[in-house]
Structure formats: structure tokens, C-alpha cells
Amino acid sequence: MWSKITRTLLAYRLFWVGAMVLLTAVMAYLGTRIQLSYQIARVLPLSDSTQYQYERFKQRFGADGTLMVVGWQDNRWFDLPVYQSWYDMNEKVRKLSGVKEAMSITRLYTIEKQDTSWAIRPLTGKRPDTQAEVDSLKNQVLSLPFYEGLLYNPKSHATLMAISFDEKKLNSRDRIAIVETIRQYGKEFSEKHNIRIHYSGLPSIRTEVMKKVSGEMKLFMALAALVTGLMVWLMFRSFRIVWISLTVVIMGVSVCIGTLAAFGYEITLLTGMLPPLLIVIGVPNCIFLVNKYHEELAAHGDKQRALEVMIRQIGLSALLANVTTAIGFGVFYFTNSRLLMEFGVVAAICVLAVYVICMIMVPIILSYLPVPSDSGGHTLSESRWRGLLNRVDFLVHNRRKLIYVTITVITIISSLGLLMVRVEGYVVDDLPKNDPVYEDLRFVEQQFKGALPLEIMIDTGKPKGVFADAGRVLYKVRALERLMDDYPEFSKPSSLVDVIRFGYQAYRGGDPKYFVLPPAMELKKLAEDSPLGTGNNQSSLAKSLMDSTQQTIRVSYQMADIGSIRLQKTMNSLRPRIDSLFAGTPYKVSLTGHSLVFLKSNDYLLGNLYESLVIAILLIALVGMVLFRSIPIIILSKLPCLIPLVVTAGIMGYTDIAFKPSTILIFSIAFGLASDGTVYFLTSYRRQLTFGLEPPAAITGAIHETGISLIYTALVLAGGFVVFAASSFGGTAALGILVATTVLMACLTNLVLLPALLLSLKRYRV
């Protein structure tokens, strides 16, 4: 079959080149339509109970996580120049298209009782012109406990501007322009008064993350091409080979971006890694082909014959190797997570596409180029590589016990490290501690308890149930808020209960001591007469805190990014107490919001990624069984692929790198790449046996035939993945370093442990 493929390929060279160029052009054109993802990636399936509750919440109240906060800490809140600048900024932000409202100490609302009517009006009617006006406003602001802990912290002199976004603008590219404009206004305020401004909340965090993703994708493509190109040149000292390799992978990158666009996918933190990944993964195909071509030229000097042997001998093993790599990515499809499914499907398709491009373009380009003057023997004849392979061959044949003992000790030590690995994730833990996004989030957590949304829904079970039964549910909600005060992780709540307390304070003349939930009779009067209850003049604030049927009420909290472990412990403590509080009532209480969806998503991803790794191992073993007849050899040949994963996990334990979605990806990817070397070595070993050699001689032949290519491939892969260490995302940087470590370890086990195992099992034939 491969001989026929070779003849067809070389006989119709122009046709195949034209087809590849056309494919690249079409996919590059499609790639011009690719867009960044501006929405929060949904990890959980819609059938998941947590996701179902979250979708139910959004249907009733709209999306959470639409609030951006701009904060600062200084005791000059009510100095006239500072107050005026903050007032001006608030007004400019409020008028931006896509901003629903902006509230701060310069724009607060108060409730007034006027004879038989009520009025909700801005506390500040106009921009103050004198310090006396500001002092008067100060007294009014500090007399409103409703806003304390939400927009200002009098103890630490910190204050916030809370900016709510239109949901459509929030989930579009317009968000970036809006956030940048707000930041520019903040910069002007900061420079004018020498006050440091902090920006946080999900709109701000998401914007900064996507800007980094966009910039890093371009950076990593350039770095991956530069590093792999440089390493190929150092290995072959030939710019022609560098040009061939980069041509192939650039065509592959075009196919990748075009595939993303054709499937309607967008660039996320994961899919943004695909182009540089393909550059790194695609180059080893070229190395194996070119090495074999040069080896054949050195043997007989016949270019046509060298090309035919190159395709025939490397084609099948390269196909199997790329299939194993594709499986390492493709198993993410089984996670049922849209985010990972998109990444896995496109990666698997593109790995195989790069293989096809490589098998077509490399032989054709080589067929047009003249035979190298040194027959390509420069790298293959270097004594240091031959000497190294001779020492490897000696160890395999004469020191197998030493190999087994050494590998066993390394595995045991690594296993101890594996037991130390934490399973924990944070919303922003992929960012370094000195990143402004991280520092700003910590500021909001320290001053206002956090900026990540947690929502509690209380369903009364009947329309107008919120104010039924003398407002019984409202008193339960107040008890719930007092219960939540026991947990320092949560901010001051926003709920209809607090709005009613605010109204009752106004009803009793504005005295702060009446910022309480009124008795049942007065509560009924407030509900009937004021814009806070059931009347036709119901305020937008009240409407935002209960659904249109007045059946369900929400209690909104912001919370700190405390990590999945602590959050789980908090929920395990909180949920029984809430259930106990509402026991014996008809009310159904649901906890939801982005914070809980993140917690469940973290656990869901980890569980499914463990499963995907098992599936990858089984599928890759199945691929091996299709090619090789011996089940014992297939099973034991997985050890050189699995041991590097254990070593990598051990390193994670000793260096305190936690298991989280961004790092657990490492293992499926690395296992697929590690299996490549196993496939290449086993196919070479089997080929040596078909020449009539005995297993010891066949092992020696396989070591010398594949050894240099395996080393070069490992170096290129490691060098290519190390470029991800430049990422500002901790998970991406860890992925790069740990995959590089795994690949180098796999090269060692495939060259030393695998042949030793084959010799120990020489009675079994492959």
C-alpha cells in the first residue's frame, strides 16, 4: 500500500502541491472569521443539577456576574476636589453605552415619605460646588447603613463604584471597549489625585484574561516557530530543513484556525493554545522523515529510492504515532464539557491533518531539491550521538537489573510526591500573585469581602407569596442573613429584606436605628403603599430582587476567591444550617451563582479528565494491539509511557502544583506524545525481526535506527513546550514545563526501559 502511495504522490507532484496550497488558502480565509470568546465558557452539561439551578436563576433574574467595581482607599472621600472628580467620573461611566447603572458615594438613592406618597430620588441632585455642600452630603451618606459594606467601608476609608453592565454588551466584544474606557477614566482620576485605583468584578477579570489570551496566542506562535526552527537548524545545520519543517507546520496552523472557524468555535484559553501546540507537535514528523531520507542517501545515494523507503518505512509508524497523539487530545470529547470537547475535537483533527500535510509536502519538496552534498550524514555520523547510543545499547544488554532498580526507585519516590498533590482550583489562580488582576481582586476581598457572585433563591411556592402570610418568608430571609454573618467569606447581602429595612428607616424619619425589618402590621403597610412592595409603583430595585410573579426572592452575595477546597467545606457547613432554618416551611431554597458553578465545574472537570486519561490509555493500547500480536508486550510497553506521568505527578507534589483543570490536561496530552516514541521503537524492532535478526540484534538495530530521531524529537517537543512557561497564566506555564519534563522522561524510558523489557520478554514475538 505504501509503495502505491509513494508512486502516486511522486507521479502527480504538482497536483498534490496545488491541492495543499488550495486547502491552506481556503482554511486561512475561513480563519479570518475567527473571533475571541467573550462569554463565560460553560463547563457543566445542562443536565447537571447545579447548571440547571443556575439556568433557572438566570431565567428569573438575568445573569449574575454583570457587576464591575472600581475602588480606592483614601481618607479624602469628602474633600471637595476629590469628591467632584469622583462625581464626574461616575457620571461619565453611567452614560456609557452598555452600562445600565453606576453607583458610588456620589450617586446614591434615598427613599422619602411625603404625606401619602413615597419617592425614590438621588441623594445628590447636582455636582457640589462648595465644601459645605460636600459636608452636608457626607452626613447624609453616613446615615444610610444600607450602603455601608456595599459601597463604602468607613473603618478602612475604602470606597467603590459599582457598575452594572447590559448583558448583551457584556457578552460581546463591546465589553473590551467599555472596560478600557472606564479604566481610562480611572487613570485620569488616579493621576489627578495620586490615588491608586483598583478594578475588579467578573466583567473586568474576563476582559483582562481575554486580552492576555489574544496576545499570548500570537506570542507563543512566534516563540514556538522560533525555538523549534532554531533547534532543527542546530540538529541538521540546514536552513532547507528548517524551511521545510516550518512550511508544513504553518500550513497546519492555517488548517487549525480554519477548522475552528468552520465549526463555529471561538478562541478560548484552551483553543488559543492550539496553533503553537501544532507547531511543536508537527515538527517531529518532519524530523523522522528527513532523518530516514538522509540515512538512505548515505547508504546508497539514490534519491528516488530514498524517498520511497522514507515513505514506506516512516509512513505507517508516523501514522500510528499521530493517531496516539490525536487520541491524547480526542479523549477530551468524553468529558461532556463544551470547552474541552471543542479543544479535543479540533486538536485531534488537526494533528492528523498535519500528518497528512507532512506526508505529502515533505517528500515532494525533497524530490525537487538537489541531493545534499554531504548526503545528510552530518548529524547522523556525529560520534557523540553514536557513542551515547552505544552506551544505551550496552546498558540494555548488560545492566537490565540496574535499569529496573533505578526506574523502580524513581517511580517510588515520584509516587510519594503524587500523594502530596492537592486537588484545588481558584477562579484567578492561573494568574501570578503580582498580576494587577489578582492584586485588585484581593483589594476588594480585603475591603468588601469579595467580588465573585453567590446567589440564594427562596421560592415560596405560590404567586405573591413573598408578602403573603404576614411576610413570613421575609423574616426567614432576615434570619438567613444573620446566619450568613457567621461566615467571613461572604459580603454584606443585597436583598428585598434590606431594601425594606431601608424603606422602614425612611418611614420612621431617617433615623439609622430604624434600619430594621418592621413588625408585621407596618410591613404590610409598607408593602401596600411604598414602591418597595406589591404596589403598582414598585421600584426597579425591588423588581430586581424578586421575580415578576412575586413568588421567588433572591439574596445576592459577593464572596472571596477562597479556592475549591475551602469553598466546599463552607458549603458543607452552610447547607445543613440553611435546611434546618427553613425546615417545616413550604419554601424551597436554592444556592447558585457563578461561585458554585465554578466549584462544581472544577470537580466535574477533574473527574472527567481522570476518566479521559484512562480512555486514552485503553485506546492507545488498542491501537498497539492492531499492529502487534503479543498482548504481554503491548501491556508492558505502556510502562515507558506511564512512568513519565508518575514522575511528572511526583514533581507536582514536591513543588506544590495542584491538580486543577489546567494542569490535569497535561497527562492525556503527554501520554499521547510519550506513546509516539513507543510506536516508533516497536515498529523499528518488528522490522528488524522481519530481516531475520534475533531479538538482541534486533534491539541493537532499533536503538541505532530510531535513537537519534527519538532524541531530536524529544528535544524539539521539550523546547517547544517550554515556551509556554512565558505565559502569564500559571496553568499554561505549568503545562509547558511539565509536558516538556514528561517528554524528556519518556524519551529516556523508550530508549532504555522499553528495549530492556523487550529483551526480558524475548520469547514473545511482536
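Using N, Cα and C of the backbone, Cβ positions are placed for all residues, glycine too.
According to TrEMBL, the feature domain 'SSD' maps to 245-368. Per TrEMBL, transmembrane segment is recorded for 12-32, 219-236, 242-265, 277-294, 314-334, 346-369, 402-421, 609-628, 635-655, 661-682, 710-729, 735-761.
Taking pairs at least six residues apart, the transmembrane segment (314-334) and the transmembrane segment (661-682) share three or more Cβ pairs below 8 Å and count as touching.
Each of 12-32, 242-265, 609-628, 635-655, 710-729 was scored by its Cβ pairs under 8 Å to the transmembrane segment (402-421), and the highest score goes to 635-655. Proximity of distant same-chain residues to the transmembrane segment (242-265), defined by a Cβ-Cβ separation under 8 Å and at least 6 residues beyond the stretch ends, is recorded for 20, 23-24, 26-34, 221, 225, 228-229, 232-233, 236, 271, 274-275, 278-279, 282-283, 285-287, 290, 342, 345-346, 349-350, 353-354, 357-358, 361-362, 365-366. Same-chain residues lying 6 or more positions outside the transmembrane segment (277-294) and placing a CB less than 8 Å from one of its CB atoms are 221, 224-225, 228, 232, 235-236, 241, 244-245, 248-250, 252-253, 256, 306-307, 309-310, 313-314, 317-318, 322, 325, 347, 350-351, 354-355, 358-359, 362-363, 366, 372, 375-377, 379-380, 673, 676, 680, 708-709, 712-713, 716-717, 720-721. Residues 270, 281, 284, 288, 317, 320-322, 324-329, 331-332, 425, 430, 601-602, 605-606, 609-610, 612-613, 616-617, 620, 623-624, 627-628, 633, 637-638, 640-642, 644-645, 648-649, 652, 702, 706, 709-710, 713-714, 717, 729-732, 734-735, 738-739, 742-743, 746-747, 749-751, 754-755, 766 of the same chain lie 6+ residues outside the transmembrane segment (661-682) yet bring a C-beta within less than 8 angstroms of a C-beta in it.
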